[in-house]
Number of protein chains: 2
Amino acid sequence: MGEFDLIRRFFTRDQQVARVGIGDDCAIFGAQVGYEHCISTDMLVEGRHFLSDVDPAALGYKALATNLSDLAAMGAQPHSFLLSIGLPQADERWLQAFSAGLFQLAQRHNCPLIGGDTTRSPLVVISITVQGLVPHGAGVLRSGARVGDDIWVSGTLGDAALGLALLQERIRVGDPDERERAISRLHWPEPRVALGMELASIASSMMDLSDGLAGDLLHILRASHRKAAVELAHLPMRAALRGLPRMQALSLATAGGDDYELLFTAEPRASARIEQLAEDHELPLSRIGRILPLAGGELPQIEWLLDGRPTQFEAQGFDHFDD
Amino acid sequence: MGEFDLIRRFFTRDQQVARVGIGDDCAIFGAQVGYEHCISTDMLVEGRHFLSDVDPAALGYKALATNLSDLAAMGAQPHSFLLSIGLPQADERWLQAFSAGLFQLAQRHNCPLIGGDTTRSPLVVISITVQGLVPHGAGVLRSGARVGDDIWVSGTLGDAALGLALLQERIRVGDPDERERAISRLHWPEPRVALGMELASIASSMMDLSDGLAGDLLHILRASHRKAAVELAHLPMRAALRGLPRMQALSLATAGGDDYELLFTAEPRASARIEQLAEDHELPLSRIGRILPLAGGELPQIEWLLDGRPTQFEAQGFDHFDD
């Protein structure tokens, strides 16, 4: 089967977003007056981000989910995406499952595939570029955190890292439901797209948690030239994490990646609106700390508190070239 | 060195196109009234599209050149690009050369890098997504070829394929200048961006030659529901190809990939304007054939002529899953 047949069979679906979609040299789509475009890209490599025996449906889903999460972090509405995929062979069942996982999420977010590239490759490699729209000037940057802002996170922290630890049998959890849920969070993360769009008019800075709270919050602090105090006792954790030894739980919650929750800052007077959003979305939104000014010569950093008192705590985010 | 330092050091340059560039969850840029966006993506994998000992400067250059060529094929003006790159290690000299080759071309076409992703990978993998702008409705599709249109190509055919054959010592060419030039065409292809933009108001259909004339023209014929007669004696070839045995030369010119010339169709009355473009751009533009109607039940195909007479000639384009 040829490359072009493959693309057509598994990756061509009806779409209304682009005037020209898959099958020409470029996709073509019109601009929308009053809006800005947000664009982001991610690459996933076999052996690095997933194992060769990964469930292809989960892989297709997660590859798009992580990109939609980047749009959510800007407060953007998904527009469309492009998929480049390198494969050792054109395995029909694999492609069937992969595309089913991918399009399940794409359809839910009205984000059609409008272009891409397919090539043979010794390893499975997936690169997705996603585009979104945001009202002019409304995109939420990492650089907007102001002194006195509260720091918030959506959902719960450390679930995906716990899921990975469970799969690797580094940690045991008795409750089969909690076990299942942690592993599901790892494979099927939920990009917080609708929440992100509503936070666009509330949050002063925002990003998605892909590498772990400690490392990701540092990106906001560096971009905003601020520091932060974070209360470890306020980190939202599910029962499975709370049942672990405290340091192990805190390590998962602060340094565990792949949660794809939103991390954002907002003025204290926005609290009521944020709490209302939590109710509307049936999703916990937790205030975990506060943005502080940098003293002269100080570097952006996180001061960890435990029950209100400064504590020595070392959390390290995930960095692709540091391990 | 961390991922984020790497990106900053080698891939962050000043740019004015995006309001937010590298360093946030997405890049953000404004829409341009009256224009449509063109977007395209390509993936290059070590061992498949290039060898591990490739000159990294040429690799950086070519990775962007092939994408700019897709914009050229729509008649679009380059806007910006995103780069995802997977690397076995963060080799500073390699990154220095790669980024130099990349940005040399990016600057020449005013096409800044506005976002991307860097990850560790067992193999070098490069995925570029390029964006361009085209006046509303002016993008040249593959589907626009009409009966009676002339078929044109820019530049000369088969040079890159000859360059590859020379490197692999499958073919010998005496003249060192011609040898050098063929290899250079393979490694440093010139995307026909300015020509493509001018052809936007002239060509009825257009694409870039990446997989070889025979396979690529078939894409236009299928999209346009037409067939074509192509005169082999009119294929533009450099002296190095003309000096080879005829069938070898024709095979390189029709089935050899990587030329990144423009293949387009136009009404016969546009000939004078096209010949003027050739003069303006100091680039041969050659009329190689004509678009014909499909008889009932006929499939889109190429009828090869030699000196005006039908000839049995079999050329096969390059298909990533067929070899």
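The backbone N, Cα and C atoms fix where each Cβ goes, glycine too.
Keep in mind it's a predicted model, so treat the numbers as computed, not measured.
Copied over from TrEMBL:
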DOMAIN    B:23-134  domain 'PurM-like N-terminal'
BINDING   B:Asp25, B:Ser40, B:Asp70  Mg(2+) 4 binding site
BINDING   B:Thr41, B:Asp42, B:Asp117  Mg(2+) 1 binding site
BINDING   B:His49, B:Asp258, B:Phe318  substrate binding site
DOMAIN    B:146-292  domain 'PurM-like C-terminal'
BINDING   B:Asp211  Mg(2+) 5 binding site
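Overlay of TrEMBL annotations on the structure.
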residue  : record                 : contacts (Cβ under 8 Å, 6+ apart)
B:Asp25  : Mg(2+) 4 binding site  : none
B:Ser40  : Mg(2+) 4 binding site  : B:Asn67, B:Asp70, B:Leu71, B:Thr129, B:Val130
B:Thr41  : Mg(2+) 1 binding site  : B:Asn67, B:Ser127, B:Ile128, B:Thr129, B:Val130
B:Asp42  : Mg(2+) 1 binding site  : B:Ala63, B:Thr66, B:Asn67, B:Asp70, B:Ser127, B:Ile128
B:His49  : substrate binding site : none
B:Asp117 : Mg(2+) 1 binding site  : B:Leu83, B:Ser84, B:Ile85
B:Asp258 : substrate binding site : B:Ala160, B:Ala161, B:Leu164, B:Arg185, B:Leu186, B:Pro189, B:Ser210
### Message
Quick check on the domain 'PurM-like N-terminal' (B:23-134): DSSP residue counts for helix, strand, coil, in that order please.
### Response
36 helix, 47 strand, 29 coil
### Query
When each of the binding-site residues B:Asp70, B:Asp211, B:Asp258 is checked against chain A, which show a C-beta distance below 8 angstroms?
B:Asp70
#### Entry: Three-state composition of the domain 'PurM-like C-terminal' (B:146-292), taking helix and strand from DSSP
71 helix, 27 strand, 49 coil
## Note on the structure
Least Cβ-packed of the binding-site residues B:Asp70, B:Asp211 (other Cβ atoms within 10 Å) is B:Asp211
